[in-house]
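What TrEMBL says about this one:
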- 12-33: transmembrane segment (TRANSMEM)
- 20-125: domain 'Prepilin peptidase A24 N-terminal' (DOMAIN)
- 106-124: transmembrane segment (TRANSMEM)
- 130-148: transmembrane segment (TRANSMEM)
- 137-247: domain 'Prepilin type IV endopeptidase peptidase' (DOMAIN)
- 155-173: transmembrane segment (TRANSMEM)
- 185-207: transmembrane segment (TRANSMEM)
- 219-247: transmembrane segment (TRANSMEM)
- 267-287: transmembrane segment (TRANSMEM)
Amino acid sequence: MADTLTGLPVAFVYIAIGLIALVLGSFFNVVIVRLPRMMIARWQAETTDATADLDGSGPDHALSLSFPASHCPTCATPIRYRHNLPIVGYLLLRGRCSACGTQISWLYPIIELLSLAAAGVAVARFGLTGAALGAYLLSAYLLILAAIDARTQLLPDVLTLSLLWLGLLASLWHGQFTDISPPDAIMGAAAGYGVLWLVFQGFAALTGKHGMGYGDFKLLAALGAWLGWQSLPLVVIIASTGGALVGGTLLATGRMERDTPMPFGPWLAAAGWLALIAGDTITAAYLRYAGLG
């Protein structure tokens, strides 16, 4: 990739990467908002005899990632092209629908900016290489999955399983898109799923409750495929520590009830991204702190 871009002005390359990342971030918003609704509509169509779902008259029955065009969720007014521009559109509208004045969720510009940041960090960490492309792809998946799980407590199979397979396939080009070899990727996928499955079963046996969902198993399996089995302890420790600290704080301050489920996917996603970008640095720092390095 670097050879292909060598003849282009550096500023042009980085501006192009930034613009592409912003446009992709806009698409990520579509996936985050629509995919859960599509899943729920499909489940309803499969499990209910309600005419509105089976004859196609339900509001989300025909919903897809491409249809209908972007519109205000309150008044259904189509969004003009210039208002669909990443970041710029939100600023032009001042965060409100041009037709009904309903406030537009801050989620949209935040996701676009996070997509831009993910691309910038990937290039800064790996340069203009295939590894940077792989890092951005993984980052994009993790961003989408974290947002969906935080909003709906769903981790769609179409995302977790495709991320898993992409990680295994990327390992076949060892040294280009990832530094993980096929054996390490396969072991990582198996260990990632198995570790959380065992935790799930143990927690259920002790408490009679389900502490997490199967989507979490699949997400950690995908991270194992991308990062290798060696990174899984770091991912689990960071995710568990972050989730416990925030969950404990929310409980202590009365902002969350004890029986309120807290999605674990965002913590796994954040931990996986940290392991991708700075896993070696974090591990080395811990070993030095523990007197083992």
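Numbers here mean position along the shown chain, with the first residue as 1.
A Cβ is built for glycine as well, from the same backbone N, Cα and C atoms used for every other residue.
Contact between the transmembrane segment (155-173) and the transmembrane segment (12-33) is not supported: fewer than 3 Cβ pairs lie under 8 Å, counting only residues 6 or more apart in sequence. Among 130-148, 185-207, 219-247, 219-247 has the largest number of CB pairs under 8 A with the transmembrane segment (267-287). The average per-residue pLDDT of the prediction over the domain 'Prepilin peptidase A24 N-terminal' (20-125) is 86, rounded to a whole number.
The residues of the domain 'Prepilin peptidase A24 N-terminal' (20-125), classed with DSSP into helix (H, G, I), strand (E, B) and coil, number 60 helix, 4 strand, 42 coil. In the domain 'Prepilin type IV endopeptidase peptidase' (137-247), the DSSP tally of helix, strand and coil residues is 91 helix, 2 strand, 18 coil.
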